[in-house]
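A.B. asks: Take a look at what TrEMBL says about it:
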- 33-50: transmembrane segment (TRANSMEM)
- 57-78: transmembrane segment (TRANSMEM)
- 84-105: transmembrane segment (TRANSMEM)
- 117-138: transmembrane segment (TRANSMEM)
- 150-168: transmembrane segment (TRANSMEM)
- 180-201: transmembrane segment (TRANSMEM)
- 207-224: transmembrane segment (TRANSMEM)
- 236-256: transmembrane segment (TRANSMEM)
Amino acid sequence: MRKRQKFVLTALILAGGLWGIHALPVAVEWRYWLVALLVGVSAVGSGWALREGLSGIEWLTVILPPTLFTAAVGLFYILLPTHWLARTAVVAAFAIGQYAQLLTANIFSVAAIRTIALFRAAGAVGFVMTMLTGFLLYDSILSFREDWWLAAPIIMIVSGLLLLPALWSVEVEEKLSLKVIKYTVWLAILQGLMAVAISFWPVSLTVASLFLTTMLYIYLGISQHHFSQRLFTKTVWEYLTVGLVVLITMLLTAGLG
């Protein structure tokens, strides 16, 4: 079976599993266990579809993004209204997104051993998917309304898992460099502190999730430009401007959520 056929098959199986999470007549608590099972299937399925080009640390850095995407959509799926049209649209979008994740992961795995023309395009797609995955995960975590001392460490860990493959993908080395590890740890800690700060701010769940996603956008965007030696003053100001706009939005919507 060709790689693209494996990608399509994996995406369709996972999409079917996502649909089944709602279709099965089980309690909400059990749906979270089903999401965990689907995440495991995603990790195994992604490994199976990509195994020909994987070696060493790639088994972590390449497999992690599609697995996290499955977790993000699965948790968000539980929060959706029961209308079949909304759920069908999410399942269809998930199938397309998962296929895009696998294609991107395949490019990164190949780029580790030889130069590939689509590498920059894969980086752009990977960045967008990281932001989408982050937003859905942050929204799902915050929806539990847990205290800051529990939510913040979870957000910190999730952010680290998002940052690690995204930073590694800039240079695509056979091993994790100390620079990637340091940036991942410190940026994840910083994101955890942002989660603590936002927990005391009277904003809606969506605005809080958007704020954390924007912070991730700024950290990751600037760091990736730094890693690729393309970080200029103009670039920094572009990212900071986005952060300022979101901060103003938070101030204007405080107390309305």
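Placed from the backbone N, Cα and C atoms, the Cβ positions cover glycine too.
Automatic prediction, not curation, is the source of TrEMBL annotations.
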A.B. asks: Kindly say whether the transmembrane segment (207-224) and the transmembrane segment (33-50) touch, using the definition of 3 or more Cβ pairs under 8 Å where each pair is 6 or more positions apart.
C.D. replies: no
A.B. asks: Other than its close neighbours in sequence, what residues sit by the transmembrane segment (84-105), given a CB gap under 8 Å and a spacing of at least six beyond its ends?
C.D. replies: 7-8, 10-12, 14-15, 18-19, 22, 42, 46, 49-50, 62-63, 65-66, 69-70, 73, 76-77, 122, 125-126, 129, 132
A.B. asks: At a C-beta cut-off of under 8 Å, are there same-chain residues at least 6 beyond the transmembrane segment (180-201) that contact it? List them, or none.
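C.D. replies: Answer is 147-148, 151-153, 155-157, 159-160, 163-164, 167-168, 208, 211-212, 215-216, 219-220, 223, 250, 254.
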A.B. asks: How about long-range neighbours of the transmembrane segment (117-138): same chain, 6 or more residues beyond its ends, C-beta under 8 Å?
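C.D. replies: Cβ under 8 Å, 6 or more out: 65, 68-69, 71-73, 75-76, 97, 100-101, 103-104, 107-108, 111, 155, 158-159, 162, 165-166, 169-170, 172, 208-210, 212-213, 216-217, 220-221, 224.
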A.B. asks: Select the range from 33-50, 57-78, 236-256 that forms the most Cβ-Cβ pairs under 8 Å with the transmembrane segment (150-168).
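C.D. replies: Highest pair count goes to 57-78.
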A.B. asks: So if I exclude everything within five residues of the ends of the transmembrane segment (33-50), which remaining residues of that chain have a CB under 8 angstroms from its CBs? That is, six or more out.
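C.D. replies: Sequence-remote neighbours of the transmembrane segment (33-50) are 3, 6-7, 9-10, 13-14, 17-18, 20-21, 24, 26, 59, 62-63, 66-67, 69-71, 74-75, 77-78, 98, 102, 105-106, 109.
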